[in-house]
């Protein structure tokens, strides 16, 4: 098992290095490149390109290049985004955002395929349960990968904290922070404007180096799994053509339950987009300075990871309805509080309370929505999860797309409206499921639906 475990660790640490760079950079886009909304526009383009990439590229690239070189090439796409930030403009950042988005889906698909095939190869030799080994591999991967949110944000805050002069934000500028922000190119950037070019280049250089190390780690140490090594891999890659997959994704919309879940799935993109695009800019950067963004997002990442593990375990005792209710109440309370609160440096602890509560809610949205898809659409998982990725990405595209066009309070009202609509639609889905369960008897109620299905962020 040593060789297989080595490959799992190589992939895990490669993703840790890569997303240390991308995750930290994503949270800073709205603050670093606020002129004409360039930063959030680039993020919107990333997720739009990801939608197209998810539909067409993964099966083609994995078949042609194999998992190792698909991962390598996709990682290089992420590095181009870091390079584009060195001379950020509409002519550099938007094209590199497209490249990153196109590389996103093949990267994750190749990773999943590699870990699955590696697990099956080992079980053939050792005679163990394949599902158990694969779950262990994914457990090791996520344990290491989730640390990227902490590492990337910590790097940005430590570097920006080296600024020789600390800017005192005037009360006049503080009045422009929060829900009723004074929507101009100059306000809300007070805390970032004074970050010297040398510090920004140092940060970008660190992130780029981290991405390059990730590529080198994969190229040098990851073993290639060839097609003739395992019949299992052939079975995985001999999937329907991308045209049939594309059609199956939209044919799945004939299922009324899938249509009812669209608002809930899009809300996942809306709420994540608000935190990384609007909260970091209009609240944290505006009132505290850009060097606090990393610390605040570390709080979000840490709570999110811990709660994802916690809720994944306790859901079997509480049921998903209670967890969805907890997330709804928590998010609603946060939205109302953000509408009323006027951020001020004196309220330092409050800046961390919001992302902590947001992380708790997001952990529920991610784990329970994915589990719900797995339970409702057990016979059509591929089409169902293709829809999940599609509609969540649309949520990101819309949230980042209108980020610079609307004031924060309007975005909060939109967020609250989508949340209410999502819960109403979700309630209808639960009603249909309960009605269906009554019709099929108690045997359906006791059916084992399998392990929780994990999804990942970009």
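The first residue you see is number 1, and the count goes up from there.
For all residues, glycine too, the Cβ spot is worked out from N, Cα and C.
Per TrEMBL, the feature transmembrane segment maps to 39-57 (among others).
Look at TrEMBL and you will find 69-88 (among others) tagged as transmembrane segment.
Annotation source TrEMBL lists transmembrane segment at 94-117 (among others).
Sequence-remote contacts of a segment are chain residues at least 6 beyond its ends whose Cβ falls under 8 Å from one of its Cβ atoms, and for the transmembrane segment (137-160) they are 4-5, 8-9, 11-13, 15-25, 27-28, 111, 115, 118-119, 195, 199, 202-203, 206-207, 289-298, 300-302, 304-305, 454, 456. According to TrEMBL, the feature transmembrane segment maps to 137-160 (among others).
Long-range Cβ contacts of the transmembrane segment (199-222) within its own chain (Cβ-Cβ under 8 Å, at least 6 residues beyond either end) map to 6-7, 10-11, 13-18, 20-22, 24-25, 32, 68, 71-72, 75-76, 78-79, 82-83, 85-86, 152, 155-156, 159-160, 162-163. What TrEMBL records for 199-222 (among others) is transmembrane segment.
Here the transmembrane segment (289-311) has long-range neighbours at 23-24, 27-28, 31-32, 146, 149-150, 152-158, 160-161, 163, 166-167, 169, 190-192, 194-195, 275-276, 280, 323, 351-352, 355-356, 358-360, 362-364, 366-368, meaning same-chain residues at least 6 beyond its ends whose C-beta is under 8 angstroms from one of its own. Here TrEMBL flags 289-311 (among others) as transmembrane segment.
Residues or ranges marked as transmembrane segment by TrEMBL: 323-341 (among others).
For the transmembrane segment (347-365), the list of distant contacts is 264, 267-268, 271-272, 275, 279, 283-284, 287-288, 292, 295-297, 299-308, 310-311, 323-324, 326-327, 330-331, 333-334, 337-338, 341: same-chain residues at least six beyond its ends, Cβ to Cβ under 8 Å. As annotated by TrEMBL, transmembrane segment applies to 347-365 (among others).
Annotation source TrEMBL lists transmembrane segment at 410-429 (among others). Long-range neighbours of the transmembrane segment (410-429) within the same chain, counting only residues 6 or more positions beyond its ends whose Cβ lies under 8 Å from a Cβ of the stretch, are 179, 257, 260-264, 266-267, 270-271, 274, 278, 324, 328, 331-332, 335-336, 338-339, 372, 376, 399, 402-403.
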Within-chain partners of the transmembrane segment (39-57) [C-beta distance under 8 Å, separation at least 6 from its ends]: 26, 28-33, 81, 93-94, 96-106, 242, 245-246, 249, 269, 273, 276-277, 386, 389-390, 393-394, 396-397, 400-401, 403-404, 458
